[in-house]
Structure formats: structure tokens, C-alpha cells
Amino acid sequence: MSILNSIFDGLLGYERLMLICGFILFVFALAAITVMIVQRRDFKMAMGLIVFAIVLMGFPGIQAVKFSQDTVELDRIRAQPNAPTDPEQQQQSAQTLSSLEERSAGNPQLQAQVADGYRAIGELDKGYQLAQSVLQQKPSAQVQATLVPVLTAKLNQVQAGALVVPQPASSPGSSSSTSGAAPTSPAATATGAPAGAGRVAAAPAAAAPAAPPPTDAPTSAGTVATAPASAAASASAPTQSNKQREIAEIAKQLQGTGAPLPAASHAALAKAYVVLGQPQQAQANVDAALRLNPNIKINAAVLRAARMGGTPRPTER
């Protein structure tokens, strides 16, 4: 069975049919020629059948040779450190990968290699889409290990555009309310009283009625500044939530491969878990990355957030 798979590897359905029919016709023509020679009859017609059988088997053979050359080119594409900058070379590589993808049906290992090839030429979305279809087939551990660079690159791409929102810090007012003291009122803060004044500053503010603002006075600066900020925060919340769900899904796929992850993958997972608010998982991946490669560069904000259990500021991404 493995011999048949190696013969038909990379051939389309009609090419396999041509190869089988050509082989059967070739064997039949040889048998007919043998009989005609024994009977001393003219076997020119049988020779025509042999020529036709060779043509039927020749076309799939040519495609098999081309497929073999494309697999060698695929290895070269995957080995290159950076995506090609020459448009002509990138187009040629894309055509090679497209041809291999068309012939990779039923071959998860080849599909995983093609997905990694798309990553190598910079077409990460195509590579990740193909990787997802491969993972749905529950492939072997070897196939999943081939997909690790694709998933790592996709995770880094999504995180690069993710808006990392810091966790709200606890305010002095909230701590005073926890201990039993009344929180500082906005009026007390506006009059310049210190935040620690708490109950003392609140009493005069409550006793004195607030004077109505002049008719020509502008609206409070704090109100003007707060409204756009609140609107922007509420508008970005769905986007941030969708981004976090996508990051969580890719991180789950990457860790679900079961293959030993390289240091770069652990570094990407560390940032993902920081974004998702899981500092313990982030610190575990930071430790794993540094253990595999002590010289790996990890964002300082990610290191700080993983150790302190916070999240990096947007400017520290």
C-alpha cells in the first residue's frame, strides 16, 4: 500500500486514472504482441497500442517529476530566513506553493509544509487558513510540529495589532471605603483638598450648597474630557474582546500541538497570556523561553507584567 501511495503521490485523480489505464493497456499490448509473434502474424496494430499506452503513462510521469522538483523548491522556500523582496521571486514561489497545495489533498504532511511555505514568503493569512484545515483533521504529532512556526507567526501578527489595555489600578478612595471611611467626593478634590482628607473634606462640601455656574461659563472641563474618553473606551471594548478571543484561540492551537515548542513560540505565548490576564502562565512560558535560549529577546513590558501580575501599557507593546 505504501508503494502505491509513493507512486500516486502528488498526482491528481485524472492523472492517476491515466497512469492505471496506460499500464493496463501496455501489459495487454505486450501480451498481444507475444501471441502474434508465436502465431507469426503481423503485430503492427499492437505496436500502436504500446505507443498509446506509453503516452498515457508519460503525462502523469512528467507531472510526477515536476511535483518532485516543486517539493525540492518547497524545502528551499521554507529554509529562507526572510520573505523574498523581489516581486518576481515571490510570485514564482507563490505559484509553486499553489501548485503543491492543489496536489496535497489527502496528504496532511505536505499541506503543513505548504502552510509553512506561505509563512516563509509573507502570505501568513493563507498559511494559517491552511493550517486550520489541517488541524481539523487531527493529524499526527509530526504534522503538528510542522505547523508550529505558522501558528507562532500568526500569534505574533495578531498580538502586534492588539490594543493592550492596562488593568485599572486601585484608587485611594476605594481603599478608604474598604476600611470603612467615606470616599473622597469630586467637590472636595476640586477645591484642592488632599485625597486623604476623606470624611473631613466631605463635610464642608456637603454643608455648603453648590453655586450654580454662570450662564456664560463653559461646561466643566472634567465633564468635557471624560465624555470622549468614555465613548472611546466603550467603542474599543468589542474590538479588544474579539482580539483577545482570537489570541486565546491561536494560543490554544499552539499549545495543543503537543510538540516541543521552540523559544520563540514560548515568547509569543508569554505575551499572549499577559494580554489575556494570566500572568502565571505568562511567567511559565518566559521561563521556558529563557531556558531554551538565554539570549532570546522578550519585551521588557511583558517580563514586568508576567512577574508582577499586571498588564503592559499600550506604549510598551
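Cβ atoms are placed via backbone N, Cα and C, with glycine included.
Per TrEMBL, compositional bias 'Low complexity' is recorded for 88-99, 168-209, 217-239. The region 'Disordered' annotation in TrEMBL covers 81-108, 166-243. The annotation repeat 'TPR' is assigned in TrEMBL to 263-296. Per TrEMBL, the feature transmembrane segment maps to 17-38, 45-62.
DSSP places the residues of the repeat 'TPR' (263-296) in helix, strand and coil in these numbers: 27 helix, 0 strand, 7 coil. For the repeat 'TPR' (263-296), the mean pLDDT of the prediction comes to 92.
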